[in-house]
Ligand code: N7H
């Protein structure tokens, strides 16, 4: 009797937590991020459009919600042995979407796998996926993305060594390491380990925030057949994210292109820039002026509240309210709703306005050029020494991951045609001050100071440094069982 009482006291907080968030234990659920649909909601949405969620690798639609995630990059040494090991040892562990949803049978460690073009070549899979950036690999396209060549790239990403990546997600690194041991023994000599990057959600109270301090993973598109949109969320057809068109090989259906970028963030240097350049307004302290500059560079405050709805100071209640924190178009009442010309609340150059211009390209919003972001921070918190010296001494950043059905129309377009384009979406807006890249040269950014719209900022430091990456294809479970298996 005593034991029953005791166990119900212990279990109660757990039950309440499940009732509130209901997420798999592998995932975080900060209030500012829209919750995932329940398994039954997702299944009925999928049935309505004929999407087979159990055939799709789970990470593709889950978003920036993993607690811990390891990226294990490998080369294939023996293609035949790899194909048979894949079938016997990896495929049974590959996690599709439903187990990760509230109400799903969450595994201890979730596993996904994806292959580069070099991996396709190693496996002698010759079908053309019809995606030029994928076929060429990221190393070849580095300068086109605005990287200063590959001088800052870590050696594993240079050349054509990486054939595939295995993504392992769990609530503890021990679980991940245990799965990795099993995995390596299953794959034996058929692969060679090239590189691993361990990511982790930042510790509370920063859980869900990227290293500059901003809540991330708020705005991902609602994919029809997976979820209903929350207010302001872009709605896209499954074919924007998943390969669905008949010009691609039939086995590629239900797969998606995975872009991986190891993006180092120079956090002390970023903070120094904000401290040195506060926006001066009579109503603001110097600190508030620096915070405002940072918020306008992103388009959101650290809490996630959009500057469009809270233009002068952060509003954490708004930030945490998923019914309001994404519900805006950049068109203020009284303005031309399909061509807003005003940047008093959010600069045209702000990171989220460059990468999703909403009404700037006319309403209703175009269903093109959307990606599902699924990355995770890596590296430690800043040390006292780094804060004091305004200098990064240990690498930290974002293990950037995004999914799309075309890299040219997704990641590559957002980076090259919007973020790096000083004339997007209006003439002379300058670079996206967060991810805009000018091959290492200074970046001019306009519109950041609402008190002086003509003030031009010339940013001498890249606060985000590309350490390289690769383009992958994340096949469906049925393709893994056939095309990729022997
Ligand atoms: Fe970005 N950041 O801290 O400033 N991003 N991003 N991103 N990003 C977003 O709205 C960040 C990167 C997009 O729908 C937020 O969910 C950092 C790349 C898109 O309104 C924050 C890095 C690309 C959106 C950051 C980085 C994008 C978005 C606000 C690298 C594509 C949604 C949270 C270290 C090429 C826009 C949110 C929308 C949002 C940051 C990379 C794209 C805080 C630090 C490489 C599409």
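Every residue number used here counts from 1 along the chain in the order it is shown.
Keep in mind that glycine also has a Cβ here, set from the backbone N, Cα and C atoms.
The signal peptide annotation in TrEMBL covers 1-19.
Model confidence over the domain 'DyP dimeric alpha+beta barrel' (55-203) stands at 97, taken as the mean pLDDT rounded to a whole number. For 55-203, the entry in TrEMBL reads domain 'DyP dimeric alpha+beta barrel'.
What TrEMBL lists as region 'Disordered' is 324-385.
Positions annotated as domain 'Dyp-type peroxidase C-terminal' by TrEMBL: 337-420. Look at the domain 'Dyp-type peroxidase C-terminal' (337-420): DSSP puts its residues at 24 helix, 13 strand, 47 coil.
The compositional bias 'Basic and acidic residues' feature in TrEMBL is assigned to 357-366. Residues 234, 328-331, 337-340, 348, 418, 425-426 of the same chain, all 6+ positions outside the compositional bias 'Basic and acidic residues' (357-366), place their C-beta atoms under 8 angstroms from a C-beta of that stretch.
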